[in-house]
Structures are given as C-alpha cells and as structure tokens.
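Student: Sharing a structure, written as structure tokens. Questions coming.
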Amino acid sequence: MNNNHNSHYQNQRNLHQGRPQRETVQESIPIGQRIPLTIKRLGINGEGIGYFKHTICFVKGALPDEVVTATVTEIHPRYMIAKLHTIRQKSPNRVEPRDPFADEVGGFELEHLSYPAQLEFKQDVVRQALEKYRPSGYKYYKLLPTIGMDNPYEYRNKAQFQVRVLDGKVAAGLYKENSHDLVDLPTCSVQHPLIMKVMRRVVELLEAYQVPIYDEEHGSGIVKTIVVRVAVATNEVQLVFITNSTKLPHKRDLITELQKRFPEIVSYMQNVNKGKTSLVWGDDTTLLAGKTFIQDKLEDLTFNLSARAFYQLNPYQTAKLYDEARKALELSPNDNLVDAYSGVGTIGLSLAAQAKEVRGMDIIPESIEDANENAKLNGITNAKYQVGKAEEVLPQWMAEGFHPDALVVDPPRTGLDDVLIQTILTSKPERFVYISCNPSTLARDLAQLTKTYIVDYIQSIDMFPQTARCEAVVKFTRRH
Ligand SMILES: C[S@@+](CC[C@H](N)C(=O)[O-])C[C@H]1O[C@@H](n2cnc3c(N)ncnc32)[C@H](O)[C@@H]1O
C-alpha cells in the first residue's frame with residue numbers, strides 16, 4: 001500500500017531534526033546487525049519508532065512501550081529501518097492478528113494492536129501531522145477522540161483482488177508490500193463475508209474452466225483482477241472481471257454457475273485493461289449480465305453505483321462520517337452548497353433538503369452520471385453535478401456568478417489542489433468543512449487555509465479498522 005516508502009520515512013525523520021549527530025550510524029553499524037530498541041510510539045504508517053544511537057529507527061510490527069531486538073535492513077543518512085526479531089517486553093495492547101497474512105500485505109498494519117489503542121493512534125496521527133506542518137494555531141486545535149466501530153471487522157464493501165497462478169493454482173489476493181508477489185487470500189477478516197464467498201467461488205470456477213489467468217511477466221493470459229462490491233443495505237452484489245483482452249473465455253459458464261449459487265449478484269461486468277500498466281482499471285467497461293449498477297441505501301436515500309464510481313468502503317461508518325459533516329457544516333436553508341469531490345453525490349444529496357441549491361463535481365464521468373441519476377431517484381430537484389476537476393469547475397461556476405455559501409471538500413489522499421485552495425481563500429464561503437483521508441495532506445493544506453479560517457475542531461473517524469489509515473472531519477469558522 002505504501003508506494004512512497006522512502007519519502008515516507010524521510011518525512012517522518014524530518015519530524016525529529018535538530019538532534020545533535022555525533023557519529024553517523026553508517027560508521028557505527030552494518031546492515032544485518034541486531035540492535036536493541038525501546039519503542040516510543042507509532043509512526044504515521046503504524047510502524048514502531050525507537051532510537052538507536054540517537055538515530056530514529058522504524059520497526060514494522062513493534063508497539064509502543066515494547067522492548068525489542070531488530071535486525072537493521074536499511075541505513076539512510078538520518079534514519080534506519082529494522083526488521084522485528086524478538087519482543088523482549090510485550091505491550092499490554094498487543095493482540096493476536098486474525099489474518100495470518102497480516103504482516104505480509106498492506107492494509108493490516110494495526111491488526112496486532114487492540115482496537116481501543118488503534119483509535120488512540122488515529123487521533124495521534126493527526127497530532128503528528130499537525131506538528132510537522134504547523135498550521136496557524138495548531139497547538140490549540142481541539143482533537144476529538146476517534147469515532148470507532150463496535151465490530152471493527154467484516155466492514156469492507158468492496159474487494160479488488162489481483163488474480164494470478166501460484167504453484168499451478170489460481171490465486172486471488174493482494175500483493176506483498178512494495179512488490180508484485182501475490183498472496184492468496186482464502187479468508188479476510190475485514191471483508192464483508194458475502195464478498196469473500198463470491199470471490200472464492202469465482203477462483204474455483206476460473207480453475208475448473210481453465211480460464212487463462214494473466215501472467216505479468218509475459219503479458220499473456222486474460223483475467224487480471226476480480227472486483228466484488230456489495231451494497232450492504234440491499235445485499236445487491238456487483239462482480240467485475242478486469243481482463244487483458246476483450247475476450248473472456250467461458251463467460252457464459254462462469255455466470256451460469258454463479259447465478260445458481262448467488263442470486264445476490266445482480267450485475268456482471270467486464271472491464272478491459274490491456275497490457276502492463278500500473279492502473280488496475282481500463283477505460284472500457286461493458287455489461288455481461290444483469291444491470292450496470294447496484295443499488296445501496298444510506299439513511300433514507302437510495303444510490304445507484306456503477307462499477308467505476310467511488311463509494312465509501314465502510315458503509316457502517318459512512319453514516320457517522322456524513323453526520324459529522326452535517327453537524328460541522330450547520331447549513332442554512334438559503335445556502336448554496338458545493339459538494340467538491342462528490343463521487344456519486346452521497347454527501348451533497350444527503351444535505352440537499354437543508355440547502356437552497358447543491359452543486360458538485362468529480363473527475364469520473366460515471367460517478368457524475370450516477371450522482372445526477374441519484375438526485376432524480378430520490379426526487380431531489382435542487383442538486384446538479386458536473387464532470388471536471390474541482391480546481392477548474394469551482395472557478396468556472398464563480399465566473400458565471402455563482403457564490404458558494406457552504407463548501408464540503410472530500411479529496412483523495414493527495415489533498416487539495418493549490419488552485420482550489422486559492423479559490424477557497426478568495427471566495428471565502430461562510431461555512432466550510434474538510435473531510436480528509438490523509439492527515440499529512442490535510443495538515444499541509446491547513447497551513448494555507450488557516451490564513452482565512454480558524455480550525456474549530458478535528459474529529460477523527462475510523463473508516464478503516466486494522467489499518468493505519470485515518471479519516472478526519474475539520475470544522476472551520478471564517479476569520480472576520
Ligand atoms: C475520497 S473520494 C470522495 C467521494 C465522495 N465525497 C464520497 O463520500 O463518497 C474522492 C473523490 O474525488 C474524485 N477526484 C479526484 N481528483 C479530483 C479532482 N481534481 N476534482 C474533482 N474530483 C476529484 C475521485 O474520483 C473520488 O470520487
């Protein structure tokens with residue numbers, strides 16, 4: 001999951017600059033040496049942090065207050081990375097991970113940490129990010145305790161598993177971190193159980209019908225990825241085969257067999273993504289059987305979801321997230337609301353009854369089609385969505401005379417584009433809420449946004465239990 005491995009450690013190391021460097025670690029210890037460490041805290045990706053000869057050392061899998069030995073694997077000028085060898089003194093917060101592959105693939109970084117401690121960590125991650133970027137007044141921001149789940153497992157409504165042949169058998173799962181080595185996942189504690197049942201049946205059928213599986217090295221074979229998404233409120237399931245060619249041998253057999261066992265699958269799709277590419281999805285998505293979308297419900301609204309559309313991955317926490325956004329925004333009936341980075345319009349549409357007009361935008365055309373369709377489906381007449389980049393569409397609307405009174409931004413992990421930040425700083429919407437899935441880019445953006453806004457509080461919400469990922473809602477007040 002972490003493609004930015006070295007820059008990530010570099011960033012964390014920057015938090016610890018200023019310490020006098022006596023002897024450089026390169027001079028004093030070789031790679032492969034085993035060192036003792038006392039773990040002080042967790043870093044932003046959930047790794048244990050200790051110090052050896054005044055140099056920060058990251059140890060994946062180690063927990064705060066643990067005394068460990070670790071084998072040095074990488075030495076950089078001002079930080080090092082070591083592999084956990086022995087735990088001499090165990091944290092009382094250490095628990096047995098449910099998934100045997102938890103330390104191999106990304107997305108299970110905290111499965112060895114008790115859930116209450118995970119929630120504390122997520123509040124702390126926000127604090128760490130603020131300390132790095134130091135937005136105005138950051139020391140006084142109110143950081144509210146993280147809102148967690150009662151059952152922090154089986155929450156994911158979508159699996160996107162790579163498919164390969166391993167030891168002569170079809171396997172579907174995730175890559176080992178920083179590699180393309182696949183780990184087969186016959187079970188997965190965070191996935192909705194129906195998703196795993198569908199996934200494993202698909203694997204069995206691909207094997208039984210000897211459907212050619214993609215071979216990355218030679219660029220040959222056909223099935224690359226399987227995507228299964230469930231709408232938990234309706235139990236409708238969508239299955240997408242992502243393939244290396246427009247052909248999908250035995251597609252009729254596969255669908256017939258799946259239909260026998262899973263009436264829940266109402267949408268069978270194929271997406272074509274030819275050749276070697278770092279992108280999982282190609283541009284062409286076609287219907288194989290059933291309908292092109294599944295339907296989910298959030299509170300009293302119904303949403304159509306196409307295969308490519310972004311939709312929150314934890315439906316149980318989504319309602320809480322949107323509730324926090326609604327509370328923080330404090331809309332007035334005369335407000336023009338902008339739902340920036342809208343996906344299928346879930347946030348804006350759930351707020352439309354409290355606003356005069358809702359406008360939203362997203363770069364994925366299918367999401368926007370869904371968003372406008374979703375407005376109709378729910379009888380909402382004061383909302384419209386447009387395809388495009390937030391940083392281009394909002395200035396365009398404003399040039400046309402539209403003034404946003406209220407703004408919700410919910411950007412991807414990269415945070416807000418600089419042009420959008422400037423647009424916000426000049427248009428100064430009275431009400432403004434930032435929903436962030438990456439505390440680092442949030443803190444970076446706050447450094448600019450706090451020129452015009454005061455941060456009232458930051459509410460962290462755990463959308464991804466067992467991972468180091470953290471979601472947060474920021475409530476602002478405009479400066480006068
Ligand atoms: C974190 S999701 C939020 C979606 C939605 N608000 C929700 O709650 O389901 C971010 C969305 O931003 C879209 N996106 C990415 N870059 C964008 C940009 N520059 N302008 C507008 N939308 C963008 C993505 O397609 C994705 O749907």
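Quick reminder: no glycine exception, Cβ is built from N, Cα and C everywhere.
Look at TrEMBL and you will find CYS437 tagged as active site. Per TrEMBL, active site, nucleophile is recorded for CYS437. Feature annotation from TrEMBL assigns S-adenosyl-L-methionine binding site to GLN312, TYR341, ASP362, ASP410. Under the heading compositional bias 'Polar residues', TrEMBL lists 1-15. Among the features that TrEMBL reports, domain 'TRAM' is placed at 28-86. For 1-27, the entry in TrEMBL reads region 'Disordered'.
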Student: Tell me the Cβ neighbour count for the residue listed as 'active site', meaning other Cβ atoms within 10 Å of its Cβ, over all protein chains shown.
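Tutor: The Cβ of the residue listed as 'active site' has 18 Cβ neighbours within 10 Å.
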Student: Quick one: Cα separation, TYR341 (S-adenosyl-L-methionine binding site) versus CYS437 (active site), in Å?
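Tutor: Distance (Cα to Cα, whole Å): 12 Å.
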Student: Taking the residues the record says bind S-adenosyl-L-methionine (GLN312, TYR341, ASP362, ASP410), how far apart in Å are the two Cα atoms that sit farthest from each other?
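Tutor: Roughly 15 Å, rounded to the nearest whole number.
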Student: Taking the Cα of the residue listed as 'active site' as the centre, which of the binding-site residues listed as GLN312, ASP362, ASP410 lie within 10 Å of it?
Tutor: ASP410
Student: Work out the three-state DSSP category of ASP362 (S-adenosyl-L-methionine binding site).
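Tutor: In three-state terms, ASP362 (S-adenosyl-L-methionine binding site) counts as strand.
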Student: Are there any residues at least 6 positions away along the chain from ASP410 (S-adenosyl-L-methionine binding site) with a Cβ closer than 8 Å to its Cβ? List them or say none.
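Tutor: Correct list: ASP339, ALA340, TYR341, SER342, GLY343, ILE347, ILE435.
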Student: Can you list the residues of the same chain, besides GLN312, TYR341, ASP362, ASP410, whose Cβ falls within 8 Å of the S-adenosyl-L-methionine site's Cβ centroid?
Tutor: PHE310, ASP339, SER342, GLY343, THR346, ILE347, PRO411, PRO412, ILE435
Student: Tell me, by DSSP, whether the residue listed as 'active site' is helix, strand or coil?
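Tutor: It is coil.
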Student: Count the Cβ atoms, other than its own, that fall within 10 Å of the Cβ of ASP362 (S-adenosyl-L-methionine binding site), considering every protein chain shown.
Tutor: 27
Student: Within the domain 'TRAM' (28-86) only, compute the mean pLDDT.
Tutor: 94
